[in-house]
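Asker: Quick one: structure below, then a few questions.
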Amino acid sequence: MTKQPVFHVTLVEDDPLLRVSLRNFFVGQGFVVNDFETAESAFEFIQTNDTNVLVCDIVLPKQSGYQLFEKLSSKPHLGKIFISGKSEVEDRIKGLRLGADDYLCKPIDQTELLLRTKALLARLNYNSLDCKEESSELKLLDFSINIETRMITGTLSEIELGIVEFDLLAYLIAHHGKICNRKNISNILPPNERDIEGRSLDNLVARVRKKLAVIGSNSNHIVTFRSKGYMLKMSIH
């Protein structure tokens with residue numbers, strides 16, 4: 001039997017079309033959502049209401065998302081995700097230093113945002129909260145991935161992905177069937193993995209392919225496009 005959703009997301013975005021789109025998407029995935037146009041309204045709400053994850057733009061009408069995260073630094077169990085058109089490395093580093101757990105650059109892919117939100121909930125030990133029973137696992141052609149545990153399971157075995165390995169695979173899943181260029185992939189990775197022209201990204205992809213092979217999946221699902229990037233060639237159920 002399907003359980004009732006209890007995860008609470010607070011969304012702060014001044015673009016009304018994007019705010020409504022993301023709110024409706026989260027609601028459709030079983031989340032309780034409260035959305036705001038300004039940082040001030042969101043801060044007032046969070047002070048007196050339950051929130052598991054805050055999804056917030058940086059550039060807002062009055063106070064910025066940066067300022068909001070600074071004010072919420074005393075809430076370590078609140079998950080914080082920046083969504084922003086500011087894609088420079090310096091912006092991402094500043095956001096992470098101010099307490100962001102994750103940082104996604106616009107335009108936002110909703111599936112990727114969902115995967116990262118669920119992974120963040122798992123890292124914050126919200127696993128014990130009720131949610132839809134089927135919500136933590138994605139089934140692909142010949143393997144499945146558990147978003148909460150980062151475990152991938154195939155016909156032979158199961159194995160845990162490292163955090164960066166999970167982030168890479170989650171990004172490729174969110175953009176499956178499309179070529180993901182090296183720069184965009186590097187934007188989701190920590191600085192030590194962000195060697196676009198060197199071998200760091202290639203080595204990371206090789207690690208994920210190796211783990212797919214270990215569990216009995218086809219490592220060739222991740223296709224290399226020389227000088228361009230990578231693509232995940234498979235369907236998601």
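Every residue gets a Cβ built from N, Cα and C, even glycine.
As annotated by TrEMBL, DNA-binding region applies to 135-234. TrEMBL lists 8-121 with the feature domain 'Response regulatory'. Residues or ranges marked as domain 'OmpR/PhoB-type' in TrEMBL: 135-234. Taken from TrEMBL, the feature 4-aspartylphosphate covers ASP57.
Show me how these features fit into the shown structure, please.
Answerer: Across the DNA-binding region (135-234), DSSP classifies residues as 41 helix, 23 strand, 36 coil.
In three-state terms derived from DSSP, ASP57 (4-aspartylphosphate) belongs to neither a helical nor a strand segment and is classed as coil.
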Asker: Please compute the mean pLDDT of the model over the DNA-binding region (135-234).
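Answerer: That region's mean pLDDT is 83.
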